[in-house]
Every structure is written in structure tokens, then in C-alpha cells.
Amino acid sequence: METQKNWQTLWRGGLMIFGMLMICKAKEDLWVTVYYGVPVWKDAKTTLFCASDAKAYSTEKHNVWATHACVPTDPSPQEMNLPNVTENFNMWKNDMVDQMQEDIISVWDESLKPCVKITPLCVTLNCSNITSNSNTTSNSSVSSPDIMTNCSFNITTEIRNKRKQEYALFYRQDVVPIDSNNKNYILINCNTSVIKQACPKVSFQPIPIHYCAPAGFAILKCNDKNFNGTGSCKNVSTVQCTHGIKPVVSTQLLLNGSIAEGDIIIRSENISDNAKNIIVQLNKTVEIVCYRPNNNTRKGIHMGPGQVLYATGEIIGNIRETHCNISERDWSNTLRRVATKLREHFNKTINFTSPSGGDIEIVTHSFNCGGEFLYCNTSKLFNSSWDKNSIEATNDTSXATITIPCKIKQIVRMWQRTGQAIYAPPIAGNITCTSNITGLLLTRDGGNRGNGSENGTETFRPTGGNMKDNWRSELYKYKVVEIEPLGVAPTKAKRRVVEREKRAVGIGAVFLGFLGTAGSTMGAASITLTVQVRQLLSGIVQQQSNLLKAIEAQQHLLKLTVWGIKQLQARVLAVERYLKDQQLLGIWGCSGKLICTTNVPWNASWSNKSYEDIWENMTWIQWEREINNYTGIIYSLIEEAQNQQENNEKDLLALDKWTNLWNWFNISNWLWYIKIFIMIIGGLIGLRIIFAVLAIVNRVRQGYSPLSFQTLIPNPTEADRPGGIEEGGGEQGRTRSIRLVNGFLALAWDDLRNLCLFSYHRLRDFVLIAARTVGTLGLRGWEILKYLVNLVWYWGQELKNSAISLLNTTAIAVAEGTDRIIEIAQRAFRAILHIPRRIRQGLERALL
């Protein structure tokens with residue numbers, strides 16, 4: 001009895017475990033699915049190519065900054081906003097800045113390669129002061145006869161063994177004395193640098209250059225009006241190319257750049273660190289007009305075969321100082337707004353002053369004006385102090401003009417690099433150039449920050465020299481990202497069959513078009529995959545077409561410039577990216593598919609989010625960051641599963657001829673069937689002949705003469721049966737005999753008939769046995785199924801009875817407990833009610 005109870009308990013526990021397993025199994029399995037064309041990207045460094053309209057700016061002169069290797073700009077550039085997307089930018093760690101710096105230096109060097117070296121001019125110069133050849137005076141500017149000097153020197157002519165004496169006018173900043181009497185001079189930097197003369201037809205006019213991303217990459221743009229260059233940006237868009245950036249090389253003041261759309265923006269890598277430069281972007285331009293009033297003439301000095309040095313021959317009129325004019329009202333109001341912004345960071349008096357020292361490129365505002373390199377003293381511009389009261393004062397309405405003096409240098413050391421310098425040939429005639437100040441480069445003095453340096457005053461000085469800051473002021477809102485069109489996510493679909501691919505369609509992800517769904521959920525974005533991946537190959541082909549046009553325009557040069565090399569690199573990179581994605585899709589068995597299911601089960605350890613949460617609440621970018629650490633593992637599992645499927649497919653194809661019985665009746669197989677039939681018949685006939693010959697030989701050896709093949713041999717009856725009957729002499733009608741056939745066809749037919757009868761009987765016996773076995777198994781299975789149903793019903797009844805019994809027991813226990821509680825409460829209540837009676841009874845006894 002005890003054993004029976006244990007057995008029932010064991011059955012109940014097993015049934016409960018079985019039920020829980022069934023409930024757990026009822027949850028649908030998830031499988032890895034590959035999506036191609038998802039809007040996902042990551043930060044990247046890649047080779048950008050350029051676009052510009054160089055022909056529209058200069059048709060004759062060779063421009064230093066842009067060449068015809070740049071593709072033409074897009075007349076209708078596309079910009080696609082990315083709603084619900086927040087992206088981090090960092091202008092101080094932007095590879096686009098470093099790339100532009102290298103490109104501009106490379107273009108500058110390449111432009112000077114064919115130019116003449118002026119090393120033969122590194123000789124002793126005998127210099128003296130010059131005087132004007134005109135007796136007239138002018139009050140338009142300050143007369144400065146000492147800004148230039150007349151130098152004579154000996155130089156080699158076209159015939160190398162002959163020398164002659166020449167003279168030329170040089171700026172005093174370009175020569176240094178070599179003795180104490182200040183008569184003998186030498187060109188500056190001659191002992192330390194290789195000086196090249198800029199080609200006489202070179203133009204330094206900055207042409208806007210657009211940086212573009214190759215196919216497979218994208219440029220993200222931050223459109224927040226008050227974006228300071230670092231941190232997150234909520235208004236993000238994607239563009240094919242940047243805006244036109246003029247490569248203006250200047251210090252202290254940023255010229256001809258872009259202005260802020262909102263208020264003035266202060267940008268610094270660390271505003272509290274005085275070692276970090278500050279880039280100020282203005283929201284309103286300030287015009288600066290520069291003049292070189294001297295009417296110079298240019299002369300050519302032959303230094304040898306094919307080498308001509310261009311120098312200043314003479315100056316017509318008074319020698320007047322080069323200068324620049326700025327509106328005092330505009331500049332004062334600009335500094336007031338800049339000081340207001342700086343006080344938001346420091347809350348002290350803002351003092352602007354001149355640089356403390358350094359190279360001439362740093363302590364002055366250096367830039368190129370009409371081909372001449374000017375170095376202007378900005379002490380009049382940065383000489384003011386702004387406290388709370390002066391900032392709140394009324395705007396300056398004065399119409400005065402600030403004039404800052406400038407100097408010209410012809411020997412220029414570009415990019416602050418030692419060993420290289422250029423000689424800028426003089427420009428004939430008067431020079432006037434107008435520029436717009438769009439930004440400032442400042443540095444802050446250090447000191448005691450307890451009460452603020454200089455009694456609560458922060459001092460700011462103009463700076464420069466690092467051209468990367470110039471490019472940062474334009475590239476602060478851009479970043480390059482690499483498109484990751486391959487995505488994996490869990491779905492309820494599983495790859496069921498293995499099919500051979502019939503065709504592969506070339507598709508890919510373009511760097512602009514499909515990113516519009518980046519802010520949508522994964523479910524919404526996966527619906528538009530076809531639209532998202534349509535333009536990659538067309539983008540690559542268009543890029544190749546632009547490159548061929550650029551090379552065709554420059555084919556006479558016989559070698560590529562920096563921009564041409566970048567075009568080739570961008571083209572190769574785009575093709576490599578496309579082939580890499582297609583290779584992965586091919587390895588996974590997903591060629592030509594936008595959505596490709598696999599038989600790899602989804603592992604919950606890769607992401608603990610639910611299926612609905614993934615597809616309804618997350619974007620593809622968020623999902624990619626969620627599983628970024630497991631992407632390599634998932635890829636390897638998909639590859640292993642595909643390899644296994646290919647092996648299975650190979651084994652299946654090995655049995656391909658058995659998959660279709662109609663192939664057996666193919667006319668191409670008839671000759672093979674006839675050959676097999678003839679071989680079988682021939683074998684049977686051969687065996688029959690051999691056995692017949694052996695039988696005859698055996699009987700001849702026994703002395704027996706064989707009967708004719710037409711004789712019927714009676715079949716001998718059994719020994720215990722009579723040979724006849726009454727009246728008829730025995731029953732002869734039932735006697736059987738063996739017929740010996742005569743002829744080849746009869747013999748073959750008899751053997752084939754016997755073979756078919758034998759096969760039929762054996763096949764019939766096999767079918768009967770199989771049918772009997774299947775019937776037995778079916779009966780047994782039906783009995784087992786009924787037994788299982790009865791068992792489940794029995795245990796269900798047991799569970800029901802147990803539950804009812806438990807409920808009854810609980811109800812009885814609760815009822816009994818409730819009755820006891822009620823009884824106790826009644827007794828307590830009656831005791832309270834009987835208290836007066838007990839008191840009365842006690843008093844009565846006491847009185848008695």
C-alpha cells in the first residue's frame with residue numbers, strides 16, 4: 001500500500017514537470033536574420049575627395065589651392081535631415097581637419113615644384129636707401145622711404161662662365177646685414193632654407209573647396225545654431241559634401257569664412273586651460289580693406305639658362321606704407337559682443353591687448369593680399385578693456401576709421417616649417433583687397449585664479465600660427481562616418497530548406513539616401529530596405545565618371561596632383577567596401593537578398609531585451625550598439641551554419657537522379673537500358689546452356705541416352721498411391737509432366753516467365769509481411785495512444801480531486817477557526833455583559 005502511494009506521488013510530480021516543460025517549450029524560438037541596407041554607421045577615418053569650380057574663378061592663371069582634378073560641384077546638393085537622431089561631435093579630434101592640413105600643404109608644395117630656385121641669389125648684397133623718382137607728395141598715406149632698399153649684386157648670366165652686376169629693390173624685412181657697417185646684406189633664410197620663387201603666373205586667390213565622402217561613407221552635419229563644437233547634437237543631417245571652404249591662410253583674424261547663425265560662439269577644447277586657443281565665430285562680418293598704394297614695376301633678372309628672377313625695378317611716385325582700414329564702429333561693437341560672451345565664462349573684466357612676442361607671423365595679422373604677403377600690426381585693434389558698465393553702454397556710432405600699418409615680405413616661410421621658404425615675386429601696380437573678418441583666434445593669459453589675474457581682469461591676446469585652427473573654424477560641424485549596411489537581429493523566421501542561388505543582384509548602401517530612416521524603429525526601417533540600398537552602384541559609377549572627366553582635363557600634365565590621387569583612393573575604397581559586403585553575403589548564402597533568414601538560434605545572452613522591445617522601441621543604431629560586442633561571434637556562427645548547409649546540399653545533389661522518377665524514362669537513357677537488358681538475357685541463356693550441357697554429360701557418363709527434347713517426361717507419383725482405378729485401369733488424367741521447350745525464344749521466354757513469377761511471389765510475400773507489421777504497429781500505437789490519453793485523463797482527475805480535497809480541507813480549517821474565533825468573541829462579550837450581574841450578586845452575598 002505504501003509503495004502504491006509513493007508510485008502515485010512520483011507520477012504526479014512527473015506530470016507536473018512535464019506540464020512545465022510543455023509551457024516553456026510553447027515559447028517561440030528566435031533565429032538570427034541578416035538585413036542588408038540598415039541605417040547604421042560608426043565613426044571612421046577615410047580618404048575624402050574634393051569638389052570645386054576652379055574654372056569659374058581663374059581661366060588663365062594656375063591657382064595654388066584648387067586644380068581641375070577636383071570634380072565639379074553638385075548644382076543641387078542634397079541634405080537629408082535625420083529626425084530622432086542624436087550624435088556626438090568633437091571638432092578638436094576631427095580627422096577631417098588633419099586631412100585638410102596635409103592636403104593644403106601638399107598642394108602648396110606641388111604648385112612650387114616647377115618653380116625656380118633662387119639659391120644663386122644667396123650672395124652678398126650691397127644695399128642702400130632709395131629715394132622716390134617723383135617730386136610730388138601725397139597725403140593719402142604715411143610716406144615711408146625706409147621700407148625698401150636698393151641692392152646691387154653679381155649674378156651668373158645665361159652663359160655660366162660670365163657674371164654681371166644687377167640691382168633690385170627688396171623689402172628690409174627680407175634682408176639681414178652680415179657686417180657692422182650695414183652695407184652688406186644677404187637674403188633672409190638663405191642659410192637655413194631652400195627658397196623657391198613662386199611661378200609668375202601663380203594665383204593665390206582662395207577658391208572654395210568642398211570635401212566629399214566616397215561611397216560607403218557619409219558626412220554628418222550638426223545644425224544646432226549654438227553648437228560649441230563638442231558634445232551631443234540633436235539636429236543632425238547627412239550631406240554628400242561640405243560647404244565651400246576657402247583655404248585662407250591667416251593669423252589672428254579669420255577671413256572670408258562662415259558666420260554663426262545665432263549669437264557669437266566661443267569654442268575651445270578646454271576654456272579653463274589658458275594653454276588652449278580660443279576660436280571665436282562672429283555672427284556679423286567686419287569689413288577690412290587693405291591697400292598697397294605704391295605703383296611698382298617688375299623687372300626680370302636672368303640667373304642662368306631658363307631661370308629668371310622677378311624683382312621690383314622701381315617705384316613710381318612716393319614710397320608709401322601699406323595699410324588696412326577698418327570701421328571703428330563695427331569693430332568696437334564686435335569686441336563688445338565678444339567680451340559679453342567671454343564674461344559668461346569668466347565673469348570678469350575682459351581686456352584685449354597685443355601679443356606678447358614671437359615670430360612675425362604670430363605677432364602680426366599675416367595674410368595674402370592680391371599676391372603680396374602682408375603682416376599687419378593689430379595693436380590698435382586689440383587695445384581695449386570691457387567691464388560690466390562699458391559692455392552695457394550704448395553701441396558706438398562713430399564714423400571714424402582704424403588704420404593699421406602693414407609690412408610686405410617677399411620671402412615667406414609657410415606653415416612654420418624649417419628648411420622651406422618661397423620668394424613671392426612682386427606684383428606690379430597698386431593693390432587693393434577687401435576681406436570680411438568672420439572670426440578671431442585668441443589666447444588667454446595665465447596667472448593666479450584666486451581673485452582673478454590682474455585684479456579681476458582676464459587678458460586675451462590674438463594668436464595664430466596653427467593653421468588647423470583655421471580649418472576647425474569651418475569643419476567644426478562635420479564628421480565622417482562609415483556605413484555598416486549589414487545588420488543582424490532576432491526574428492521568428494528560420495531557414496527551412498537549402499536552395500541553390502539562381503542569380504545574384506548587385507545592391508549596396510549609399511552614403512546619403514538611406515540614412516533618412518535612421519531615427520525610425522527597426523521594424524519601420526526594415527520595410528524600406530529596397531529604397532535604402534538602391535544607389536550604391538550608381539554612386540560608384542558616377543564617382544568613376546567624375547574622376548575620368550577630371551583626369552581627361554589634366555591629361556597633359558602626365559601625372560596626378562593630390563586631388564587626383566585622392567579621387568583614385570576614394571574610388572578604390574568604395575569598390576572595396578562594396579565587394580567586402582557582397583563577399584560576406586555570399587559566404588552566408590544571402591547573395592541578392594535584402595532579408596536573409598538563417599538556422600542559427602538566437603542566444604539570449606547576446607541581448608536580454610524582448611522581441612517586441614527590439615522591433616518596436618529601438619532604432620538600428622541603438623540595436624547595433626547593444627550587440628556590438630557579439631557581432632563577430634554571430635558572423636562566425638552564420639558562416640559555420642552555411643558551410644554545414646552547403647555540405648548537406650552537396651550530399652543531396654549526389655542523390656539528385658533519384659529525386660524524379662520521370663528521369664528514368666529519358667530517351668538519353670534508353671541505350672543504357674537496352675544494354676543492361678541484353679546483358680541479363682545473355683547471362684540467363686548462357687547459364688541455361690551450361691547447365692543443359694552439364695546434365696547431358698552427366699547422363700552419358702551413366703550410360704543413359706537422352707530423350708528428344710519434344711518428349712514429355714511423366715512426373716512420378718508417390719509410392720503409396722495406386723496407379724489406376726477400377727474399370728479404367730487407373731486415373732491417368734492427373735499425371736503431370738515437365739515440358740522441355742525447343743528453340744531460343746521459347747527458352748528465353750520460359751526463363752523470363754519463371755523469373756517474373758519468382759519476383760512476384762517474393763514481392764507479394766514482402767508486402768503482406770509489411771502490411772501485417774504496419775497493422776500490428778498501428779494497433780499497438782493506437783493502444784498506446786489510448787493508454788496515454790487514459791493516463792492523462794486519470795492524472796487530471798487525480799489532480800482535480802487533490803485540488804478539491806485541498807480546497808475542502810482549507811475551507812474546513814478556515815470554518816473551524818472562524819467558529820472558534822466567533823465562540824471566543826461571544827464568551828468575551830457575554831462576560832462583559834455579566835459584569836454588572838456579578839457585581840450585584842457579590843453585593844447581595846456581602847449584605848447577607
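Note that Cβ sites are derived from N, Cα and C of the backbone, with glycine treated the same way.
As the structure is a computational prediction, the values presented were derived from the model and not from experiment.
Looking at 221-251, 376-406, 717-747, the stretch flagged in Swiss-Prot as region 'V4' turns out to be 376-406. When Swiss-Prot is compared with the stretches 58-68, 69-79, 355-365, the one noted as region 'CD4-binding loop' is 355-365. Region 'V2' is the annotation Swiss-Prot gives to one range among 151-190, 591-630, and that range is 151-190. For Asn235 (N-linked glycosylation site), applying a Cβ distance below 8 Å and a minimum sequence separation of six or more within one chain yields Asn81, Cys222, Asn223, Asp224.
Around Asn436 (N-linked glycosylation site), the same-chain residues six or more apart in sequence whose CB sits under 8 Å from its CB are Leu255, Asn256, Thr285, Val286, Glu287, Ile288, listed in sequence order. For Asn129 (N-linked glycosylation site), the nearest neighbour among the listed glycosylation sites (Asn228, Asn270, Asn347, Asn430, Asn617), judged by C-alpha distance, is Asn430. If you measure from the Cα atom of Asn347 (N-linked glycosylation site) to that of Asn228 (N-linked glycosylation site), you get 19 Å.
Cβ-based neighbour count (10 Å, all protein chains) for Asn256 (N-linked glycosylation site) stands at 16.
Each of the glycosylation sites Asn129, Asn430, Asn617 was scored by the number of other CB atoms within 10 A of its CB, and the lowest score belongs to Asn129. Around Asn126 (N-linked glycosylation site), the same-chain residues six or more apart in sequence whose CB sits under 8 Å from its CB are Cys151, Ser152, Phe153, Lys183, Asn184, Tyr185, listed in sequence order. The two recorded residues, Asn430 (N-linked glycosylation site) and Asn228 (N-linked glycosylation site), show a Cα separation of 41 Å.
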